[in-house]
Structures are given as C-alpha cells and as structure tokens.
Amino acid sequence: MPWMSPLARIRDALAGQRARDKDLRNLVSNLPYEGLDKWKQPNRHFRNNGIKTTKYSVLFFIPMNLFEQFHRLANLYFVGLAILNFVPVVQAFEPEVALIPICVILALTAIKDAWEDFRRYKSDKKLNRLPCFVYSSKEKCFVEKRWKDVRVGDFVKVESNDIVPADLLLLYTSDPNGVCHIETANLDGETNLKQRRAVPGVCITVSNTDILLIIHAVIRTGCLGFSHPDLVLKQHLGCTVRNTGYAVGFVVYAGHETKAMLNNNGPRYKRSRLERRLNIDVIFCILLLFTMCIIGSLGHVPLYLVPQTDGHLDTPSLSSFYKFFSMIILLQVLIPISLYVSIELVKIGQIYFITNDLDLYDEETDATIQCKALNITEDLGQIQYIFSDKTGTLTENKMVFRRCSIMGREYPHKENGMFLCGPKRALKMYIYKIKILMFTKSLPPNQQETEVILDQKLLRQIRGTEKIDAYQDFFLALAICNTVVVSMATAKRLRVSTAEFQQTNQSNPLDTLSSLVRRAGSWTRLRAPITSETSANDLTTQGQSVNQTGGQTCSLHVPPQGTAPAVPAGKLCYEAESPDEAALVHTAKAYGFVLMSRTPDSVTVQLPSGAQLRFEVLDTLSFDSNRKRMSVLVRHPISKQCILYTKGADYAIMELLETPYGEKQQKAIASDTQQHLDCYAKEGLRTLCIAKKVLCDGEYESWAVQRQHALAAMDNREQLIMDSAVQIETNLCLLGATGVEDRLQDSVPDTVMTLREAGIQVWVLTGDKPETAVNIGYACRLLEQDDLLYLDHFLLLSQVTCTSILDCGLEEVRRYSEDPRNVDTTPDISLVIDGRTLTMLMSPDLRDRFVDLARHCRSVLCCRVTPLQKSEVVKLIREKLKVMTLAVGDGANDVNMIQAADIGVGISGQEGMQAVMASDFAISRFKHLKKLLLVHGHWCYSRLANMIIYFFYKNAANVNLLFWYQFFCGFTANAMIDHWLMIFFNLLFTSVPPIMFGIMDKDVSAEMLLGLPELYRTGQGKGEYSFFTFWISMLDAFYQSLVAFFIPYFTYRGSDIDIYAFGTPLNTISLFTILLHLSIEIKAWTIVHVFIILGSVTLYFIVTLAYGVRYLNYSGYWTLQAQMVDPMFYLVCLISTVIALLPRYLFHVLKNSITCSPIVEARHLDTLEPSTRDQWIKEWRSFRGRVQDKTSDVSVPPSPSLESLDDDSIMDDEFALNVITANHHKKANS
C-alpha cells in the first residue's frame, strides 16, 4: 500500500463520509480496476459486505464489558464500597475480601456476555463465508467468492433459491420478460412472492453465454441513474430468489448499509411490573441500611472513643462520620448484590421449561413456542386484558370456498360443506360422504383448504347456453383479478415439511377405511367429487385451438369425462398474497378456468374447453384500505375490449354499481345478491363482490394519461394515484359474490371461556364487517345469548345522543352493581362497536365514559377497525385502567397492537411473520395461550415473586447478626464471623437453593391450574409480591436474627470462649434457619431440592472445617472442630432454629387450615385421586360462586350448510339457502 500523509488520509476519510451521506449515490464499475490497490478503487469510500453484529473484540472485551456493566447503579454502588474499604480510617475488614463479591458478580456477567457475543461471532462468520458468484474481468466469467468479499460496484449473479448477498440493481434475469420473483419473509415477514423487473434498455434477450455483454454494456454507459424500488433486490437473509433461474445485478449497497442491516435495531427491552416493584424495594433496603448505619455511627460516640497509637483522638463528629462509612461497608450485604444475576438465571431456566413444553408444540407446522423477550416471563401471570385479532388468530386463515352467487342465483356447494365437517362426522354419512372422505384424506393437510368440490347445479349451468357470457366473466374475474404468482410444482417453495407427520398417522382408522373403499370394486362406480386438481381432466376436451391473439371462438361447454387434459394435473402452483386469493383462484381452476401464467404485461387463462386466452394487462389498481377493493384492467384477446374486473368488500362495490334506470333485471340481481351477502355474513363467511366494466378505447386512453400523470407526480402522489383509481371504478356491472369460510382453530371456544373464567377480559379487534364478526363471536363463545349493547350506528346520531346512550348504559351497570344479589359478578353485557363509532368514542369527551362502560362488560368486539385504531384501543385501556395487557395477532396489521401492549404474542400463521418478528412470544395456535398464561405464566410469576422476597429476607436475616453484635462491641464495625466465611455464606452456601426454588417450584400442578382457571386471579393486580408481603418478610428476618443472636449470647455469656467461637454457632444457626425457611416455602419437593439443600449444608461444614485447618494464622483456628465435639453447640443450634422458625411455621399452619386461600385449597385437591379430585373441583367451584357456564345449554348458531343437511338431502342437486335468525338482543328492561 502506498504511503499517504496523515492529512491526505483525513481528507480521504471526510470525502468518503460525504459520499456515504449523499442521497444520490454515484457508482462506477469495479471491473476496469480489478487487481489494483485499494486506494485506487473508485468505490473505496463505501463499506464492504462484511457483517459484524458482535459488541466486543478480543482486545477490548474487558474494558468495554466493564463499561457496559457499570451502567447498572448497583454495580457502581458495590465497587464504590469496595474501593472505600481501602481507606484505612473507614476500613471494616480486609480490603481484598471486599472485592470478592463484586468481582464474582462481574465475572459471571462477563462470562454470560462473552458467550452471547461468541454466538453472534459464529453467526457472522457463517454468514460472511456464504458463497456467491461475482464477475471477474480477468476470468471472463463469474467466479465464486465469499459474501464478505463482495464490494459496491461488483456484478453479482444470484441463482434460484439463493439469498441475495447485497442490495442489487437488477440488470438481467433468466425470465424472458426480465422479471425476478423474490421472497422477503425473513426481512419483513411477508410470505408472498414479489416481482422485481430488470432495468429497461440494458438488454432485450441474451443467452447464458452472453451475460458478459450486458456487463460490458453497462460499463460503457458510465453511471446508472435508477431509483425505482421495483428494480432493486434487497439483501441479507430476508430476500431469496424464487421461481427464477438466475438474476444478475449491480451492487449498490453492501454490508451495514443494506436495508436489512439498517432496519436491524436489535431486540426491544421491556421492564416487567415485578422488576419495577423490585427497584422500589431496593430503595427501601437502602433507606433501611442508612438507618442502621446512622444508629451505629451515633452509638459509637462518645462512649467508645479510643485514641490512636500516637495518642491522637478524633473529634466525636469526625469519628461518627468515619464509622458511618465503616458500617455501610460492613452491612452492605443488606442490598442483595447477586439478586439481579440470580433473576436472570431463573428466567433462563423458566424459558427453558416453556420452550420444551410438548403441549405448546404444533405438529402440523413443526413449530414450538418462541420466547423472544427474556425479561418479562413473570408478566404472563398478571394479564388482565387480552386484545386479539380474529382472522388467522381465532380462525385458521385457511380459506375454504363455501358459496357463491352469480347473476342473482345462489350456489351453496353443499358437498363442500360436508367436506368441512371433518372426519368424525364423515364416518356417519352415506356412501357418497365416505367417497368424499376417501378423497380428502388422500390430500396433504395444506392442500385440503384449496380443494373445491363442485356444485352440481352450477356445473349444469356452465354446461348450458344461458348466460354464458356472465358466468364466463365471473370465473375470469376470479382467475385474473388478483396478484397470484404462478409457478410449476417442482419450483414451489417448501415452507413446512409435513412428511414426518404424515408417516406417523398411517395407523389412523380413517386411512384404513379409505384403503378399504379404494379396494372395493363396487365403490369405484360412484361418482367422485370434482376438484381443482381433477377439473383439467374432467372439464376439458379437444376443442378448437386458440392462439394468443384469440383468432377463433372459445367454447365453454363441458365435454364428456375421459377426454385428454389440456394441462397436466398438479403441475401448477399458486403463490398468493392472502389465502382469500388462493381460494378463489383454486375455485376458478376447479371449474376449468385455470390461471396458467402471469407476467407484468399479460395473464393467460385456460378455459374449460382447453383453449387458452392471453389477456394483455393494461393496469393493476392494487388494494388499499381506503377503497377496500382491487381492480385489473385487461384487453380481451377476442373482442379487443378494455375490461375492468373488480373485486372488493360488498359495501365498496354496491355503491359503485351502474344506476339501473328501468333495468329491472339488473336491479333484481343486485337485490338478490345483497340478500345472499347478508346470509353469508350471518354464517360467518368472508364475502367479496365481483364486478366488471367495459371501457371504450377513447375512455381508456383519456384515463391512462391521467394515470401516468399521477404516477409521475412528485407532490401528493399517493392521493393522485388513489383518485385515478376511484375515477375509473364507477358504473360497474355486478357479476356475483363469493362466500369463503375461515374456520375456527381447534379449542378456541374453550380457550376463550377459560380465559374469561381466569378473570381476563377478552377483546377482539377485527377488520371484518359486523355481521361476520358477531357470528364468529358467538361461535368462539366470546358473545353469549344475553344482553348485547350495540353501538354500531352512533355515527348517524349526534355526539350528544351518543353521550346520552353511554350514560344510560353506565346507569344500568350502576343499578346492577348496587343489587346485593349481584355481588362479585359481572353484568351480562357485551359491547359491539364498529370502526366509525370507535372513532367517536375515542374523542376526549367520550373516552372516559367508554372506558368506564367497557370495563364492566364481559367482552368487547370491535369491527371494521384499522391497525392504528387497534393500537390506540390497547394504549387507552392500558393507560386509563393501569392494567396488564396482552395483544395477540398474526399479520402485519397487528404489529402496532402487539407493540403497544405490555406483552405481544405473535401467531405464526398464513399472513407472514411480521407479527412474530415484532412479538415477545410466538406461538402457532391460539389454544396455546391457555397453558402459556394459566400454567407457565402463573408458575413464572409465583416462583420469581417468592424467590425475590426470599432473597431480601435471606440477606436481612444474615446481616442483622452483625448489626446486633455492634451493640456489644462499641459500634466499632467489627464482626464476630471471619470475613472469608461471610463472603462464602452468600456466594456458596445460600446462593443455589433460591435459584432452584425460582426455577422448579410448583405451588399447584398444571392439571389443577387448567381445571380451575380462577387460580390465575391470584397473580393479577398486586399479586403475591406486594408491599405487605415484603415488609412481613423483613420483619420475620429481624425476628429470626434476634433469636439466632441472643439465644447463643445468653447461653455463652460468662464463658471464656473467644469472639470467633461465639460467631461460629451464630453463622451455623443462620444457615440452618435460612435453608429450613426455604424448605417451608417450597410447595413441590423434588430430588433436586433435597440434593441442593443437603449439599449446601455439607459444603458449609466442609469449607469451614478445611478453612480452619488450612490457615494456621487464622484467629479462629480449629474453632468449628472444637464446637462440633461440644453437645452444647448442637443444642443451641437446634433450639435457636426451632424458635426462629416457629412463627413462620405457625403462620403457614393457620393459613392452610383456618383461612385457606384458593391456592391452598387447590393444593389439597391436588393430592386426591383424579376421579375424586374432579368431583371436588365441581363442588368447590360451585361453593365459591363460580357459576357453571350459563351458555352450555345454548347452542352456537349452526352453519346452515352443515347442520341443516339431513341424510335424504345429501344427494339432491337442489339446495335452498337457509338463513339463521338468531335473537342477539335481549328485551330492554326485562
């Protein structure tokens, strides 16, 4: 490297900083400069592609780690005391001894930090050594390099399923249209494929061997001036090339300048409520310590002033000042120095047991619970409010096509309804049902939701000639109006492997039944259900071929079965942004309208006749939350017309329909379709309307000009784009509607009811329409067949009227609370609010009334709410009521809500991983929330709370022995116990038992906690760790220290034993008392507890004996050995320990016999036989006023397509739509 002056290096560094800070980056290719020195490289100012996430280096680990640890005030406090002990005038004991505790704590923390940083180093090393292909001008080809060797200005080739190594400007892809499909699931959590286009004009079409022509062409062009986001591939384990052979790009950003690294802000730190309470108690201990030190400093004068060796005598005030600091050094253990480290170790152990709980493992997705926040596990046991999303959280988010309405006629797809009944009900059906079961059981679990069993009436309609154009447009809209990416089955992404689990289910009786059905020859003559996989075989024929320009007529007539298929079955895979889109595309495929391919400029659809139509895509109007719809503008290959296909929410489409002046048929279609939509919503189905519009060329050209102006606008661009979309989406022609079912997850109703019995209020915040949300609310037992206070239509009223209605509701709640018959009960009120009403209720004038009414409701259901409103509701309840909140969701629209709650839980569902990435805990099923809170949450809080209280007690009981001794040694800050043994007492003898107590203790078994959800209430509010319990333990510590000190004192008073012979029984009594105190507190004994406690006692005697023999200059030489041969020593230890623990033992006896708490009663029931225990549980719950589920006899509104099917109607082709009429309102003032 050539020599450069320091001034030149400074100028070069400043120039590099300016280049990196510029918004516009000017880059030059590295190829002409390959092999030259670093200082001659044009892009040397930009970072390389090496990734470094470690916090420390080997050389500076110790100073940097100490700097990090000294951010804790507790560490600074103890280091300051250790340094203060080196001052002779305030020295309490040997200075080196004072350093041991803090050095051990700092060393343990440093080891933990070093291990975590070493894991980050290994991860970085693995990432930096990943291979990639970089073009070399010397080799005239792409050569393999490591990630860290990639630099800004290089040309990189990325093959299919490879991770993009840096932020690239896409120049060329193997796709003829220059499109590259990428997946960004690990970057932003989105699982759908995104399209990126190559830079236009760089190349048209080249072969694999001519890629270097592209590179040389780019070099000759000088610099590239592109900024469109669709041209850039983002980097770093968040962007993977899919369904594309390879892509070539130019490195624009590398390493820590990439989007992934800039977005990596590290883990969020949350403080638990217990930790905040702990800090307050530490302050109390500091005040108590200062009080004891002031007493000691004042007691030292004037009675015990002793002149120094030179005859100098300090003044009383100065001597008192010195003794104050000496007492702080002596009694410093009152502040538990090892408490914070012990809490971290306990939480690590708790998380280990949570993550290894098999009940929280989901076999279908091969996923277990993830604990991403290590410091708030105890908050799981204090939750009071749960805010849940609906779609994908309470439901599967695996959409199954259920119903459709085309041109005012309803097609129920009743066989598809049977398919949803599940295997158990299918066993009771007739032969036709068994045939369906045989077919569905042969499918992988992840494909059952995409299979559609066709409606025979609709199938006959397609075969006919009536309304062929309308039916064709309906299914073409389903196939075209979406963003589904088409790929071959061999290139499909493997998200979850289910092969292992399929093998474990081979012995299922349903599989045996299916195999018998397959073997029986008579069964094969039954008609099989037609699905999307068989539609290509059953609905296609050798019809007239149609070229891509559409030169001949296409036939929609369904030919006889057995003809050759036009497209091999199972060769196409659909990658959809949402399960809704996938369900509709598979439905169109089932009826023969197969989406064959999609490019940025065209969509190819195969018709039932086998002919293919290639539609030119003129524009795509993406879905947004304001319009609530999406549209695709295409040019029909046959008629050459510009057709706009639109799908969206019913209310968003119905208001845009063409005004039917005198057209009774169109008006009747809209009216009938609306009735069908209302019935779908009452069934809990997700509804969409399908519409079209035919544009003339002049209208399209005029609109296209405005659209281009909107896309090119610099100011107010988003609004202009939306306005252009709204402009063309008018005067639509209604084609029909669809109803898609999002089934509830397993055990959701039971989980919701259990959480409510545990004292947790459950709110559901969803974007669905009120009818759908209310139906799901009844199905999941969130709503009951009791009072419902609807606030859906407050928007039509004035704010004064809205206020009056709220006041009436509050008055009703007040009268209910004043009734003596309703003590400790909740009024049967459920609140249902829509988004527009919620906006009004969140205003400053009404929010207090709204919160007051909502907290008296059993449940609250918010419909049509936006992601921002979700987070605002969580913040409002958390801040106004000062309660612990938990938010659970599965999609990107739940991230704000998850981050606003005290605990965020993400569900790894079908909508990507955004919620999981933003959460504190990640689960795969909503039902796992039951055990996570009621069992692990209760255990974590109970264990940690009792361990912290015990820690304060332990240190106070031990240090008070030194304080009482000061009254007999002239407050000279001397100790009757050797300083080394004092250090070992807290670091060795009594450190491990409380940690194991915090990790493994169980006050109640998991079965009892799940059987009696009311036990969870013990952790809500103040819980077990309160101001009262803390000071009771501290008073108990003072009492036990008095007993442990004065019984030996009066026993040995007047004898000739020395100071250490007197301190040895005191230290032994303190050890026995502290460990036996812990034994009383342990609720569930294990072999680990016995081993740890006996091991601590054994270690104490071994270390003390060895210490007394080894150190001959030790003033207490052979002290314990002499004490152990004296019977008085054992008698004093026994009597003192019994008297010290007697109040604690009597307290527990009275507590467990006279005033039994729910936990104590549950622990008694836990010792009974299972059958007897279950009977006692019912009686005990009845005695405590916990009324059995009042809605157990109330049936959930049935699905009309399922429950209303009798055996005689299964094979019928005609099926009438049944409408549920449920009385959701209770008569007022009944």
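The backbone N, Cα and C atoms fix where each Cβ goes, glycine too.
Quick look at what TrEMBL annotates:
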{"type": "ACT_SITE", "residues": "Asp389", "note": "active site, 4-aspartylphosphate intermediate"}
{"type": "BINDING", "residues": "Asp389, Thr391, Asp890, Asp894", "note": "Mg(2+) binding site"}
{"type": "DOMAIN", "residues": "42-97", "note": "domain 'P-type ATPase N-terminal'"}
{"type": "TRANSMEM", "residues": "73-91", "note": "transmembrane segment"}
{"type": "TRANSMEM", "residues": "97-115", "note": "transmembrane segment"}
{"type": "TRANSMEM", "residues": "278-301", "note": "transmembrane segment"}
{"type": "TRANSMEM", "residues": "321-343", "note": "transmembrane segment"}
{"type": "TRANSMEM", "residues": "965-989", "note": "transmembrane segment"}
{"type": "TRANSMEM", "residues": "1025-1047", "note": "transmembrane segment"}
{"type": "TRANSMEM", "residues": "1059-1080", "note": "transmembrane segment"}
{"type": "TRANSMEM", "residues": "1087-1108", "note": "transmembrane segment"}
{"type": "TRANSMEM", "residues": "1128-1147", "note": "transmembrane segment"}
Quiz item: Relative to the transmembrane segment (1087-1108), which of 278-301, 321-343, 965-989 accounts for the most Cβ pairs at distances under 8 Å?
Solution: 965-989
Self-check item: Contacting positions for the transmembrane segment (1025-1047) when only residues 6+ beyond its ends and CB under 8 Å are counted
Solution: 274, 277, 281, 284, 288, 945-946, 948-950, 952-954, 956-958, 960-961, 963-965, 1066, 1069-1070, 1073, 1077, 1132, 1135-1136, 1139-1141, 1143-1144
Quiz item: Which residue counts does DSSP give the domain 'P-type ATPase N-terminal' (42-97) for helix, strand and coil?
Solution: 27 helix, 0 strand, 29 coil
Quiz item: What stretch in 97-115, 965-989, 1128-1147 has the biggest tally of Cβ pairs under 8 Å against the transmembrane segment (278-301)?
Solution: 965-989
Practice problem: Tally every other Cβ atom lying within 10 Å of the Cβ atom of Asp890 (Mg(2+) binding site). | Solution: 33
Exercise. Averaged across the domain 'P-type ATPase N-terminal' (42-97), what pLDDT does the model get? Just tell me the whole number, please.
Key: 81
Quiz item: What is the Cβ neighbour count of Asp389 (active site, 4-aspartylphosphate intermediate) at a 10 Å cut-off, with all protein chains included?
Solution: 30
Quiz item: Looking only at residues six or more beyond either end of the transmembrane segment (321-343), which have a C-beta under 8 A from one in the stretch?
Solution: 72, 74, 77-78, 81, 84-85, 87, 89-93, 98, 101-102, 105, 108-109, 278, 282, 285-286, 288-290, 292-294, 296-297, 300, 314, 944, 947-948, 951-952, 954-956, 958-959, 962-963, 966, 971-973, 975, 982, 986-987, 991, 994-995, 998
Quiz item: How many Å lie between the Cα of Asp890 (Mg(2+) binding site) and the Cα of Asp389 (active site, 4-aspartylphosphate intermediate)?
Solution: 8
Practice problem: Would you please pick out, from the binding-site residues Thr391, Asp894, the one with the fewest other Cβ atoms within 10 Å of its Cβ? | Solution: Thr391
Quiz prompt | Long-range environment of the transmembrane segment (1128-1147) - Cβ separation under 8 angstroms, sequence gap at least 6 | solution = 1036, 1039-1040, 1043-1044, 1047-1048, 1051, 1065, 1068-1069, 1072-1073, 1076-1077, 1080
Quiz prompt | Inter-residue Cα distance where the pair is Asp389 (active site, 4-aspartylphosphate intermediate) and Asp894 (Mg(2+) binding site), in Å | solution = 7
